[in-house]
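**Q** Structure incoming, see below.
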Amino acid sequence: MAGGVFLLNGAGAPDYGGALTVPVVVTCLMAASGGLIFGYDIGISGGVSEMESFLKKFFPGLLKTTRRASKDVYCMYNDQALTAFTSSLYAFGMVGTLVASRVTRRVGRKAIMVIGGSMFLVGSLVNAAAANLAMLIVGRMLLGLGLGFSGQATPVYLAEMSPPRWRGGFISAFPLFISVGYLVANLINYGTSRIPEWGWRLSLGLAAVPAAVMVLGAVLITDTPSSLVLRGKHDHARAALQRVRGKGVDVDAEFSDILAAVEHDRRNQEGAFRRILRREYRPYLVMAVAFPVFLNLTGVTVSAFFSPILFRTIGFGSDAALMGAIILGLMNIGGIIASGVAMDRYGRKLLFAIGGALMFTCQVAMASIAGTHLGHGSKMPKGYAVAVLVLTCVFSASFSWSWGALYWTIPGEIYPVEVRSAGQGTAVALNLGLNFVQAQCFLAMLCSLKYGVFLFYAFWLVVMTAFAMALVPETKGVPLDSMGHVFARHWYWGRFVKDHKFGNEST
């Protein structure tokens, strides 16, 4: 029923392409493997920053500072040059995302993923061969551009290729691969930390492996039907849709809706970034801004970057700190898998509620322990340090269960096709920009606020959970091209979005 209005209350929802075919599973998993480069870099950055051989070569002054017993434990690693090593990647990731979102309509999602993986591959090799800090930062810049390209295209690719019934699970494969990459990186750091002088080079250089996996996967998969139609390749688009839905499956209704969505896009010739500023797209713009802001205000991003350093601060030795980061990676994977199973069965809002409550509890508990047992010139008693590790693991699993998975799922599925690249590009670019700010400021923030940093994030967890429960519509099982109906019927967003399925312009 091309251009028709779908009823979304249960049985009225369309169910085209609901089967899990081998082609759609393989295609989506190969695309989602791009998350490996995200997770690997997050894990590698924190672990390498804690290796003495790395600090000795690039930050010898900081290495001397960390050995002073009288130094405030909250401030041991407070060095702007060290944080620039991590944060520079995310500044250029933001640039890469904005560039990718402007060209993806012309070259397709697949090409953007190939370009992103290739830049990450080159950047990892430059980092491994770095002879000075300038060369190290250049490598990080290339890595950032690669992250920006792949992060913009991959969630949109997964949303456009997966069947509506299973879309949440498929999109959550991307953050699952991020968690796998993070775990692998920390396992590698644990091993290479024992290699004197050049172990850090091996850690940084092995980032080429997940980059190569992404490039190979992106080369082998087909582009999305929506992207092919946007570029006028209708025959290729229909063939791609038939391939992933399975032989013998009637794809006429789904393909007709894709054509109608693209035609609606073409009747609005102004740029996607200008269009998303219009009143009728207000909820999509709000989501594109709110999700990356709240993701960073959970506090998990900086915990992931600097978890080995954080564990050293509270009293663990070098090996124990890296092992703690490995445990965190396992908890991330568990949370993502549980979320992928639950979100298409119980909906998105339940995940927000449970995750928000658990994360808030963990942050308050960690503030209480750190405030009582961690002070100037002393490290935390072992029993309490273990308690902080447990709380950090619960927090990490709760984040993965909620915002960690849903950050990629909801923004990847809610945007109309005419603003999809702009919405996803804005969300990913803003996320990477905030990653840069937090990575650059967190150690100074920890030094200044001390245990109060946990309370800072706890406050924002209350705000973001309330936002999710009140203003994020439930999107479980809703086809992409019918998502506007959900917003049109929302108690608040309905004043902006009108029920105008491909044809009648809203005011």
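Glycine residues also receive a Cβ, built from the backbone N, Cα and C atoms like all the rest.
Sharing the feature lines straight out of TrEMBL:
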- 27-476: domain 'Major facilitator superfamily (MFS) profile' (DOMAIN)
- 81-100: transmembrane segment (TRANSMEM)
- 112-131: transmembrane segment (TRANSMEM)
- 137-158: transmembrane segment (TRANSMEM)
- 170-188: transmembrane segment (TRANSMEM)
- 200-221: transmembrane segment (TRANSMEM)
- 284-309: transmembrane segment (TRANSMEM)
- 321-343: transmembrane segment (TRANSMEM)
- 350-371: transmembrane segment (TRANSMEM)
- 383-408: transmembrane segment (TRANSMEM)
- 452-472: transmembrane segment (TRANSMEM)
**Q** With pairs 6 or more apart in sequence, are the transmembrane segment (170-188) and the transmembrane segment (321-343) linked by at least 3 Cβ pairs under 8 Å?
**A** yes
**Q** Note the mean pLDDT of the domain 'Major facilitator superfamily (MFS) profile' (27-476), expressed as a whole number.
**A** 81
**Q** Same-chain Cβ contacts of the transmembrane segment (112-131) under 8 Å, 6 or more residues past its ends?
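**A** Counting only partners 6 or more residues beyond its ends, the transmembrane segment (112-131) has Cβ contacts under 8 Å with 31, 34, 37, 96, 100, 103-104, 138-154, 157, 201-202, 204-208, 211-212, 214-215, 218-219.
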**Q** Considering only Cβ pairs under 8 Å, which range in 81-100, 137-158, 321-343, 350-371 makes the most contacts with the transmembrane segment (383-408)?
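**A** Result: 321-343.
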**Q** Are there residues at least 6 beyond the ends of the transmembrane segment (137-158) whose Cβ is under 8 Å from a Cβ of it, and what are they?
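**A** Counting only partners 6 or more residues beyond its ends, the transmembrane segment (137-158) has Cβ contacts under 8 Å with 28, 31-32, 34-35, 37-38, 41, 84-85, 88-101, 104, 109-110, 112-113, 115-127, 130, 167, 170-171, 173-174, 204, 207, 211, 214, 224, 408-409, 411-412, 420-421, 424-425, 428-429, 431-432.
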**Q** Using Cβ atoms and a strict cutoff of less than 8 Å, what residues sit near the transmembrane segment (321-343) while being 6 or more residues removed from its termini?
**A** 43, 46-47, 50, 168-169, 172-173, 175-176, 179-180, 182-187, 189-190, 193, 303-304, 307-309, 311-312, 350-351, 389, 392-394, 396-402, 404-406, 409, 476
